[in-house]
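Worksheet: the structure to be examined is printed underneath.
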Amino acid sequence: MNKKNIIIGSTLLAAIGAGVYAWQKTTTKKFEKERIAIIGSGNWGMAISRIIGLNVLDNLDLFEKEVRVYVYEELIDGKKLTEIINTQHENVKYLSGIKIPENVIAIPDIVKAVTDATVLVFVTPHQFLPKMLDQLKGNIIPGARAITLIKGFVVDEKDELHLISKMISDKLEIEVSALMGANVANEVARDEFCETTIGCKNKNDHEMFKTLFDRPTFKVNVVSDVYGVELCGSLKNIVALGAGFCDGLGLGGNTKAAIIRIGLIEMKKFAHMFFSGVREETFLESCGIADLITTCTGGRNRKVSEAFVKTKKSWVDLEKELLGGQKLQGTLTADEVYRVLKKQNKLNDFPLFVTIYRIVKGEIQANLITQFETAYKKD
Ligand SMILES: NC(=O)C1=CN([C@@H]2O[C@H](COP(=O)(O)OP(=O)(O)OC[C@H]3O[C@@H](n4cnc5c(N)ncnc54)[C@H](O)[C@@H]3O)[C@@H](O)[C@H]2O)C=CC1
Ligand SMILES: O=C(CO)COP(=O)(O)O
């Protein structure tokens, strides 16, 4: 074989290799039954565990009966939380008063929790994710898929933003979808009607995810725009802080509506500025406008930011006092997004996000929430 043939031959092999890799990435491996692992057992983690546990029992031809949940172990009155969940079928700390189906098993070891899992459901406060991914790397079976319910981003030391779905996908080399919506966990757990949005690129998985999550009171719509869904769910936490400031100041619905409207515009602008392919329709799904409304009226970010204005206590103290171990995400996200905008020299394009950040940091008082440049009247 001459040199030219060798080059053509190896180029061909490389192309076939790349093709096979791409095919493996987009083709769903068929498992006899899906085995579900949930990573995270907080307020939303437990509410979604209940839904998954019930749906698995209703579809035992498709899913293994046992659903494993990774629980960050802690002692409650001297008793391990995992033991409490596995005997009382209730997470007394993070979702008290709600029974969890008995096929949902709490496991304190994250690697054991995902053993043989074909579907991984990530639902932890985002600050804990990077360490979890380090522990999970190399322990996921080929062909497994993941779905993230985490609202937040990771911003690295170079002030570059990483979407959670992309982080999980890069680290574990699996496909990752996203589920976000107007889903305050306590209300979902009480079976109050709501909708949610799943972003999933792989059409082969649409039906499986719908069967896993959809309930008569938890209606799922599946779209293909994973990044759009995730960006909506994460960015709205910043706007929710602004809504809480309005409540803290005793302002009425008109002001809050203005914050929501302008917040939505900045969410869209941010998504389109930094990510290609985000679809306009996604902002009208449950993950978009609906989640924005629910978190600006209910929700923990709104509640704690109202108290921040009224009490002038620190965020750390208020999180401890008001959330009983649950975690506030919006203040972290406001900081992360600010760092990204600063690095990209785009602070002037996001006056509301920047104003909220400055109030969070104590650089300005909350009564300046309405003093940002209202540059969004008409182009
Ligand atoms: N709670 C809600 O209504 C909703 C929450 N979300 C999102 O879901 C994600 C998870 O939120 P929640 O389940 O509500 O959690 P949460 O706010 O209840 O957080 C507490 C969880 O963090 C765990 N934890 C504490 N310290 C830890 C550590 N050092 N390492 C690992 N884990 C630790 C606790 O064990 C507990 O499971 C967040 O991104 C949140 O924004 C999304 C929709 C609704
Ligand atoms: O995301 C949520 C509802 O969809 C919950 O928001 P909070 O974290 O502000 O409670």
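Just so it is clear, glycine is given a Cβ too, placed from its N, Cα and C backbone atoms.
Residues or ranges marked as domain 'Glycerol-3-phosphate dehydrogenase NAD-dependent N-terminal' by TrEMBL: 36-204.
Annotation source TrEMBL lists NAD(+) binding site at GLY40, SER41, GLY42, ASN43, TRP44, GLY45, PHE128, ALA185, ARG300, LYS327, GLN329. In the three-state DSSP classification, GLY42 (NAD(+) binding site) falls within coil. Within its own chain, GLY42 (NAD(+) binding site) has TYR94, VAL123, THR124, PRO125, GLN326, LYS327 as residues 6 or more apart in sequence whose C-beta sits under 8 angstroms from its own.
ARG300 (NAD(+) binding site) carries a helical DSSP state (H, G or I). What TrEMBL lists as substrate binding site is LYS151, ARG300, ASN301.
Per TrEMBL, domain 'Glycerol-3-phosphate dehydrogenase NAD-dependent C-terminal' is recorded for 225-367.
Positions annotated as active site, proton acceptor by TrEMBL: LYS236. Spatially close to LYS236 (active site, proton acceptor) yet at least six residues away along the chain are LYS151, GLY263, MET267, ASP291, LEU292, THR295, judged by Cβ distances under 8 angstroms.
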Of ASN301, GLN329 (the binding-site residues), the residue whose Cβ has the fewest other Cβ atoms within 10 Å: GLN329
ASN301 (substrate binding site) and GLY40 (NAD(+) binding site), Cα-Cα, nearest whole angstrom: 19
By Cα-Cα distance, the member of binding-site residues TRP44, PHE128, GLN329 nearest ASN301 (substrate binding site): GLN329
Close in space, distant in sequence - TRP44 (NAD(+) binding site), Cβ under 8 Å, 6 or more apart: VAL123, LEU149, ASN183, ALA185
